[in-house]
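Okay, structure first, notes after.
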């Protein structure tokens, strides 16, 4: 074997080895993507069934091991059974929801209601069976039922006031509640003044009367009727009606609850604080600390200065004591409304969003906050589901267009085949005419017969050529039309692909950006760190990693409030970003911690840059009500060495940061 053959086989062997390594890396990457996808899918599937949750937990544990085959072979059959059982239970729950909604609708239909109200109730009852099969329709059904029930209550309330007929409560729950409600009771001021502790349910009764609306939303408080007080006092231990706030009453089941005095409507001119002073008692101890632990005071705006000659950009908001719910309710309502307005909901969810907006706007109380958040979470999940469906619809349309594209290509190929067939037919016709002409010449006996034969053959040739040209023109016109339609379809697909790519890029940038500071977040840091490490392994050069942490940031939050802390983070992020080079990278790692990547920078140059950053932060003229406030930061910096992984270098820089913290803060440590 010659030297060239040896070298050729050697190169071929090395090339195959390199190809095998590339395939192995690609396979490992696919396995890793599959693992990550399964882990995230298992997390997304949790919460619906305990058995499925347990299988999902075991699946994640198996995926963390290198040997997955044995674990998966034992887990998959159990997972399939758990999923089937969960689906059966889901169907049972769906049927229970349908039965419950149907029973509520029939109870309302049993009342003496006007025709304009009975018609939508009947339509609602007919639609329950079909709509309740879809879980996303349940909140909409409940909202519609709540609206219809509110209209029925208002109608019955007006009718009872006019003719004295039995009330809705008496007709729904029987005579015992009516007898209980008819007993005399003390007025609300005496009830409130009697005790500052939660009202505990007293003697048991067969059922709890559902309180009607005695006041319009947003109207002044009215005296609590004696029947209302008697109904509350006689409620069974497992039932408590939620105090009315201008929305349909809700009944909480399955566990004893307490009614706080501040959740009941009081007479005009009587405040809850005055009643507590009359009773000589303290605030109820069981009320959450963030509700009643401090006097209600309006929050001072972040940029509201007191006229001092200071830089407004660095003015910190005053400390806000832990407010009562009524003080923070406007802020919560505004935040929820902004979040609701920012959701791009499909038209099918717009009625639900409008109903939720009405519940939030001006009538939200502490007891309704949790169900409102639950409904808002349902909307957000539906938006995510809608985005998934939009993506599926886009893929479906893309598939249809690709099928059409392939159809056009098939038609073009068929047209090309027809052209070849026409050309072969024309060639055959010419050959036949020429052969006939030759035979006629050979067989001719005189000049006249030869002339007639030649004319006949020439006419045949001309006819064949005319037919061929006609077919060719028709085919060219058809092909031109197909090509034009194909070009238009391709242009449309390109535009759709560009728009979708732009949308994906926008979503990706949002996912990689910290919403508070506008800096890249932790996910963006991981991506950039991987790129910089790969570049360094490929091209060489220096690469530094630094970790910065704001000193005593928790004290800033505790002393001046979280709004002040947020403003400090935004200002410091801006100061750091504008002092870095374009090739440098900074990200908010979490809390008050920032990470900086410095490519192509020596350790000494990086140390000097970090010192300048520290000095710039210390020089920021933060102030609070005109008083200067000094804020500093500590940092740790280190350089990549050899083929170190990013996690190892980050851990070393983090340890240097904590050495700076232990050494007194406001300093830089080099590792």
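Glycine is no exception: its Cβ is also placed from the backbone N, Cα and C atoms.
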Task: Scan 158-180, 181-203, 204-226 against Swiss-Prot and say which stretch is down as region 'Disordered'.
output: 204-226
Query: Of 277-297, 298-318, 319-339, 340-360, which range does Swiss-Prot call region 'Disordered'?
result: 277-297
- request: Would you kindly give the Cα-Cα distance separating residue 554 (site 'Transition state stabilizer') and residue 562 (substrate binding site), rounded to the nearest Å?
  value: 9
Statement: CB neighbours within 10 A of residue 566 (substrate binding site), counting all protein chains shown, number 15
- prompt: What is the interatomic distance between the Cα atoms of residue 554 (site 'Transition state stabilizer') and residue 592 (active site), given in whole Å?
  reply: 9
Task: Check residue 562 (substrate binding site) against DSSP and tell me helix, strand or coil, would you?
output: helix
Query: Hey, for the substrate site built from 557, 562, 566, who else sits with CB inside 8 A of the CB center?
result: 556, 560, 561, 563, 564, 565
Query: Once the chains shown are all counted, how many other Cβ atoms turn up within 10 Å of the Cβ of residue 592 (active site)?
result: 20
Query: Cβ-Cβ under 8 Å from residue 557 (substrate binding site), same chain, 6 or more residues apart: which ones?
result: 564, 565
Query: Counting every protein chain present, what is the number of Cβ atoms, excluding its own, within 10 Å of the Cβ of residue 554 (site 'Transition state stabilizer')?
result: 11
